[in-house]
């Protein structure tokens, strides 16, 4: 989906260019990371402050050993030794619980509301797993009957659809990232200014302009591709016409040759 590229704006180059989730997500990630960087650097002036913050280290230990006990000994866990370590951890947590969660959560009903797309249980094994002659024959002749026996019942599916509908709707008191200034942040002029920059960046014209520019690039590329295809078609037509003309000339020569004979 993406490869590291230090020359790219976000340090990543998308292998699928027409990918709105990734394009929008990287802009949001960048805004979150800048806000977190300003916040962390304001309170942790050097790496030793991170290492010797007992409360911070205890929190991270709890995340690893209690929150993910089954993965606590995996080698890929980052160690909080520097400001950059903390910035990466916090940016990831904020991104997962905001932009990423919104993308996968609010569209659940559109896909899962049609329960064959994502059935929540299988009430029986499919006949290909433990087939008997009669079951397999029924499956071949009337597959819909077997599938309906396997899928959730109407009552079960209705309950799940109702839950998905609730999950996919925004709460009347929904809190959106960048909209709420915490009182503790407001009390600190540096943090307040950093948060306001983040909030403004998320909403301002530059953020929208980036999305607009991405859209323009996609349209431009599409036009170029369509232009290339059109030129190829025109060249193919010219080749066919040239072939037809050559064929006609050859027929004329052969006709003239026969008359002379």
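Here the Cβ of each residue, glycine as well, is placed from N, Cα and C on the backbone.
For reference, TrEMBL has these:
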COMPBIAS  203-222  compositional bias 'Basic residues'
COMPBIAS  223-232  compositional bias 'Basic and acidic residues'
COMPBIAS  233-245  compositional bias 'Acidic residues'
DOMAIN    1-201  domain 'Lipoxygenase'
REGION    203-261  region 'Disordered'
Please spell out the DSSP helix, strand and coil residue counts for the compositional bias 'Basic and acidic residues' (223-232).
10 helix, 0 strand, 0 coil
Could you give the mean pLDDT over the domain 'Lipoxygenase' (1-201), rounded to a whole number?
90
